[in-house]
Amino acid sequence: MEIFPVPTHRVQTIFFTVSPPPLPFSTRPIKNSQSPSATSATTANNSTTLRSQTPNGPSFNSSPKHKTYVSTSHQARQSAIIDIQQSPDLHLALSRSAGVLKVQDLNLVMRHFGKQNRLKDLSQLFEWMQQNGELNFASYSSYMKLMGKSLHPNKALEIYKGIEDKLTRVNPSVCNSVLGCLIKSGKLENSFQLFHQMKEDGLVPDVITYSTLLAGCAKVQDGYKKATDLVQELKYKGLQMDSVIYGTLISVCASCNKCKEAESYFNQMKTEGHVPNVFHYSSLLNAYSMDGNYEKAEEILREMKSAGLVPNKVVLTTLLKVYVRGGLFEKSRELLNELEALGYAEEEMPYCLLMDALSKAGQIDEAKLVFSEMKRKNVKSDGYSYSIMISAFCKHGLLEDAKELALEFEAKYEKYDVVILNTMLCAYCRSGEMENVMNLMKKMDELAINPDRNTFHILIKYFAKEKLYMLAFKTMEDMHKRGQQPDEELCSNLMFHLGKTGAHSEAYTIYNMLRYSKKPMCKDLHEKILYILIAGRLYKDAYVVFKDNSRLISRPALKRFASSFMRFGNINLINDVMKAIHNSGYNIGQGLFSMAISRYIAQPEKKDLLLQLLEWMPGQGYVVDPSTRNLILKNSDLLGRQQTAEILSKQHIMSKALKTRDINKK
């Protein structure tokens, strides 16, 4: 269980504390034919006209009526804003405000709803603004930022793609908000694809754009490479790295186990004159925690204190992670006591770090003591401490303890997530508690908790262990339909058991799951499924497997397939199989030809296939043996006496040529 410090995100300045001046965009979306500069000029011209002209001649600035007019207009706008903010019927209030409020006023109302977490009202207001064309770039940017994680990434993309005005669509603030929404939802690949499309459309990325994308790199396996590519692009565009970019980079390095690189960026940042803050130090500490480098961690902590910075909860908890990963359990206990004294151990995370490390080090009794102490002190828990201890009990074979703790959690907590449920499933599966397993699966459905890859693996292993192979197969099918890739070893094991129990087609289905996945398959699996298909007499499928992987099939398996197919396979495919065997580099024996020709002669309607085979053989250096030749002569009426004589003559010539070649070799 990892702890990652959260960087301080930039917030683009789009908030106003007073009534804003006219924005560089009009209050309605700019059409492609109207540029921002033209709009600004129009606004300026209109403003000049209003100031210089009145029905009676004098300017508005010298008229007391103008002051009353402006005051009344401002008052009307403020009243409309308050009406919308306080009205129980938002749609009715918006209808009343038609023609009174400007788009920047509506943006203010949006931000008001966002601050009060009135997300439903926020969405309703934005939809009304869309329908009435009361939108500018700040509207899109504000809405997506304020909705945060509540905005589904697909909805964010739909809104973005619905922006008709090109200038708004490539506005950095709008683009940054969309990318940020995707990254918060874990859609990093989608965000990078969209970023490239945005650049093609005309986006000029700013520092915030790169900072937004970098923040997501800590969450993916190849995040470090993606981060370095972004930094190179940033520098190429002439943008300067600032302290936020450096902090995010150090955090990415820590997440990707790049300790030396994190240290290098930290030093580079200081060399360029940026002063490290608490976030930078905590990120570097997190990098040192990956290999438990407590000496450097303590050194950086001293440097931090000498700079006048006070270690906060995140810093001290990260230092605890360094100690536990370094196996310094005495220091870990001392630091945990310090966290308790400072009020930083009111939640379970520090205890979880220590318990997890102790259990992995084989000190299960000490881990139990920490867990008991945590419960005695009524430390706030979301159940992760239970998850750690249940896993530890399972690992050390204490299945009764694991089951009891799982039951205790179910009785005590109503909040579940997939991690905790997986841990409990593991406990019940290992102790053979089928009823509890089924109850947990039902609970997952009721709570609409989506199983992850680990969930499916736990269940498939358990069902296979209980010899419920068809149930294991159905579970694997469900896993595959949900886009989860099963483990190859697990697939291989289940394929074997399904084959043994006669479920040959189901075994072939699992083979195809692996075959069409993006990962390369183990070569042995092709031969394993070939034997299973032969045993199930699924010769057509066996032929497909052999044809696609003939170079990977061993000679014994090839012989088994060939002889089985000649006896029982689809007669219409015999010639194709012969060619596939020949193309694999295998020299076909006369016995196979004898079986094939016998089957053709037994079904006179297949004489054309027989003729094709006999004509193909000499060209590849094959001839029939004497007994097969006699069989063909006996049935010469099938092909016609003259055609039979011609074919056998060619075979005889080829036979003499082969004998001569063999003599010369000797």
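Glycine residues also receive a Cβ, built from the backbone N, Cα and C atoms like all the rest.
Annotation comment: TrEMBL describes 26-72 as region 'Disordered'.
Among the features that TrEMBL reports, compositional bias 'Low complexity' is placed at 32-49.
The annotation compositional bias 'Polar residues' is assigned in TrEMBL to 50-72.
Feature annotation from TrEMBL assigns repeat 'PPR' to 171-205 (among others). Listed as Cβ neighbours of the repeat 'PPR' (171-205) (distance under 8 Å, sequence separation of 6 or more from its ends, same chain) are residues 12, 14, 137-138, 140-145, 147-149, 151-153, 156-157, 159-160, 163, 212-213, 215-217, 219-220, 226, 234, 237.
When the repeat 'PPR' (206-241) is classified with DSSP, helix, strand and coil residues number 25 helix, 0 strand, 11 coil. According to TrEMBL, the repeat 'PPR' annotation covers 206-241 (among others).
Distant neighbours of the repeat 'PPR' (242-276): 2, 4-5, 7-8, 10, 207, 210-211, 214-215, 217-219, 223-224, 227, 231, 234, 283-284, 286-291, 293, 296, 304, 307; these residues of the same chain sit at least 6 beyond its ends, with a Cβ under 8 Å from one of its Cβ atoms. Annotation comment: TrEMBL describes 242-276 (among others) as repeat 'PPR'.
Secondary structure of the repeat 'PPR' (277-311), assigned with DSSP and counted as helix (H, G, I), strand (E, B) and coil, comes to 25 helix, 0 strand, 10 coil. Marked as repeat 'PPR' by TrEMBL: 277-311 (among others).
Averaged across the repeat 'PPR' (312-346), pLDDT in this predicted model comes to 92. Annotation source TrEMBL lists repeat 'PPR' at 312-346 (among others).
Non-local neighbours of the repeat 'PPR' (347-381) in the same chain are 1, 3, 317, 320-321, 324-325, 327, 329, 332-333, 336, 339-340, 388-389, 391-393, 395-396, 398; each lies 6+ residues outside the stretch with a CB under 8 Å from one of its CB atoms. Residues or ranges marked as repeat 'PPR' in TrEMBL: 347-381 (among others).
Residues of the same chain lying 6 or more positions beyond the ends of the repeat 'PPR' (382-412) and with a Cβ under 8 Å from any Cβ of it are 1, 348-349, 351-352, 355-356, 359, 362, 364, 367-368, 371, 374, 419-420, 423-424, 426-428, 430-431, 433, 436. Summarising the annotation, TrEMBL assigns repeat 'PPR' to 382-412 (among others).
With DSSP states grouped into helix (H, G, I), strand (E, B) and coil, the repeat 'PPR' (417-451) comes out at 26 helix, 0 strand, 9 coil. Sequence annotations record features per position, and here TrEMBL assigns repeat 'PPR' to 417-451 (among others).
Feature annotation from TrEMBL assigns repeat 'PPR' to 452-486 (among others). Sequence-distant contacts of the repeat 'PPR' (452-486) (same chain, at least 6 residues past either end, Cβ-Cβ under 8 Å): 418, 421-422, 425-426, 429, 432, 434, 437, 441, 444, 493-494, 497-498, 501, 503, 506, 509-510, 513-514, 517-519.
According to DSSP, the secondary structure content of the repeat 'PPR' (171-205) in residues is 27 helix, 0 strand, 8 coil. Helix first, then strand, then coil: DSSP counts for the repeat 'PPR' (452-486) stand at 26 helix, 0 strand, 9 coil. Only residues 6 or more beyond the boundaries of the repeat 'PPR' (312-346), in the same chain, are considered here, and those with a CB under 8 A from a CB of the stretch are 3, 5, 278, 281-282, 285-286, 288-294, 297, 301, 304, 353-354, 356-358, 361, 363, 366, 377, 379-380. Break the repeat 'PPR' (312-346) down by DSSP state and the numbers are 26 helix, 0 strand, 9 coil.
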